[in-house]
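Mind having a look at this structure? Questions to follow.
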Amino acid sequence: MSEGESGSYSSLRYLTNVTARIQSSSAFSGPVFVLLMAMMVTLVVVIVLGNALVILAFKVDKSLRRQCNYYFLNLAISDFLVGAFCIPVYIPYTLTGRWTLGRGLCKLWLVMDYLLCSASVFNIVLISYDRFLSVTRAVSYRARQSLSHQAVIKMIAVWVLAFVLYGPAIIFWELLVGRSRVPKDECFAEFYYSWSFLLSASTLEFFSPFISVAFFNLSIYLSIRRRRRRSGDTHLHLQLSEPAADQGEGVPLSNTSGLKLTRIVSIPSQSSSPSIGKLDPSPSRSIHPSRLSRDKKIAKSLAIIVCVFAICWAPYTLLMIIRAACRGRCIQHHWYEVTFWLLWLNSAINPFLYPLCHSSFRRAFNKILCPGRNSTPTSALRASQ
């Protein structure tokens, strides 16, 4: 083969490789391109509007401004910024396969993306811990509800920890290594293939938070189950005392723990009804049907958030570690992209979990979306309470 033919062959092979790369990464043929664009834009709109609604609810409904709900506000802020900044910047990169916004904006986007996603995780841990305290240490928890500065300190700590986890590595990794390994038309972190760093960071970003959230949720469930058992024993003893109580006598009851109950039935009249006498101070005093019902709702809402968090985060974390260990040779890039978008999907789901699981948020959303429906005297009285 002559030198000219060799040069022509090399040029042809280069153009073929470039064309193949554009077709595999950028280029989705007409209908697929339009479908992907529509799905991405829809996701952005849902994330931005959903989380903006949560943030607006705190401004409209003052009853939401309690310490426990501030953590939901912190989560909504991080999710809102994901939809307002991270995803719109990434959409052209996904559809074209080329980063054309420069190295400076690439660094900024990486810092923001890792910061916001990590902050979402730590906010979920903080919410879980707060619910854990509200169920297992109810008295001291209620006493601290007015101390809003403690909530603010925890919220700030979430953002600081989220930045420290990845921020310095994104900014200074290139300086420590001595050169950049990222091509000019691409944008990813310098530690993209550093298996040891990603494993360490993933332990702090996913594995430890997931174990913590699972522990808090399990503790809440066990605490509620113990209360239901104690409540069931109390109701059983009250039912056993019913025949004697119907005769108008004060019937002392006792259970295996030494708790004494007295059912006092007054003489029937138009203005009186059977009532339970005041109990001695004991654990049963805190066992109230409304309290049990509230704690069951807390456990259910927390379980939903935990499950959604695991489904959205586990695939990305595991694939990221595996891909770094085999330097991208064992995981096809499109699978990584799928898990990446699944990660962002969590930011779209979270706002829908609030009205689904919390009546206070549901009332605030109704007040915003249906203001005419909340102008009745009953609604005004409920809002004042």
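Note that Cβ sites are derived from N, Cα and C of the backbone, with glycine treated the same way.
The model shown is predicted, which means the values in this text are computed figures rather than measured ones.
Taken from TrEMBL, the feature domain 'G-protein coupled receptors family 1 profile' applies to 50-354. Positions annotated as region 'Disordered' by TrEMBL: 269-291. The transmembrane segment annotation in TrEMBL covers 32-58, 70-91, 111-130, 151-173, 193-222, 301-322, 334-357.
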So, taking each listed stretch (32-58, 70-91, 151-173, 334-357) in turn and counting its Cβ pairs to the transmembrane segment (301-322) that are under 8 angstroms, which one gives the highest count?
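Comparing 32-58, 70-91, 151-173, 334-357 against the transmembrane segment (301-322), the winner is 334-357.
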Report yes or no: does the transmembrane segment (193-222) come within contact of the transmembrane segment (151-173), defined as 3 or more CB pairs under 8 Å with a sequence separation of 6 or more?
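Between the transmembrane segment (193-222) and the transmembrane segment (151-173), contact is present.
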Take every residue in the domain 'G-protein coupled receptors family 1 profile' (50-354), average their pLDDT values, and give the whole-number result.
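Averaged over the domain 'G-protein coupled receptors family 1 profile' (50-354), the predicted model reaches a pLDDT of 78.
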